[in-house]
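Peer 1: The transmembrane segment annotation in TrEMBL covers 12-35, 70-92, 133-156, 219-241.
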Amino acid sequence: MGQAITEKRLTITYVLCTIAGATASITTGIAWGHWKPTLDQCVNGKNCSCILYGQHTPSKFLGGNAAPCIWVTFGPLFYVLFCISMACFHGYRVLFSMQSVKTRTVISKNEAGEMVEMRAVQVNGTNPLPKSFWITLSTLTVIFTIYALIHFAIFLDGFRQTCNQYRKTLEILLGVHGTAIPVIHGRLSCQSIFDFMDYMQPDSGNAFRDGFIFTGADLIIGIVSSLFSWIFFIYASFLNITTARNHA
């Protein structure tokens, strides 16, 4: 694969990764901001405002510690900035500086014995980047691949814990027991559980939710975006490592 093709693919990959990372950050921020005043009801001064890692108690449903929400909301911004800078760098090279023109003059004799001067034009498809550049970028993208995987894992785990904990709260709110309980725990998807939460979770005594959101859909979009960010970094790492290994 030529370096020009690699840089075109990297440009597209970094742009897509930027979009995915920004989406993951924004969706989490929306859900966190919407539920923060309702879920932050810990009496010991602890901040439990996070929509992720929610906790069921006999009297009320509490949010998780703020740290996971801070990480999941603002964590992608680090690799978003990296992807923006690399998309601009490779995009500029692809659009404006990928081609270099070299000319050389060749003098030959024709059939009539006359000396003929010919000018040959050679167009190089790319201005090669040094191997050290590709090694550095390979290292960085591998680091961000691990970083994005950790982000996705925490996002998904926090989502699932809130979902499973709210199933217990839903038993109390709906007043179900007996054979109806397995329906809540075994048949309803997390999307459905969060739909119940949107409509049935009461506000706290000193705070009210402003407006209405589809919390389940919002968080699922964020999780999928986080997953795609990880996949895009895997592909970017593959391209950078392959180019570094094949570099002369």
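From the backbone N, Cα and C atoms, a Cβ is placed for every residue, glycine too.
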Peer 1: Which range out of 12-35, 70-92, 133-156 gives the transmembrane segment (219-241) the most CB pairs under 8 Å?
Peer 2: 12-35
Peer 1: Mind checking which residues reach the transmembrane segment (70-92)? Cβ under 8 Å, same chain, six or more beyond either end.
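Peer 2: 7-8, 10-11, 14-15, 17-18, 21-22, 24-25, 28-29, 32, 52, 137, 140, 144, 147-148, 151, 154-155, 158, 222, 226, 229, 233.
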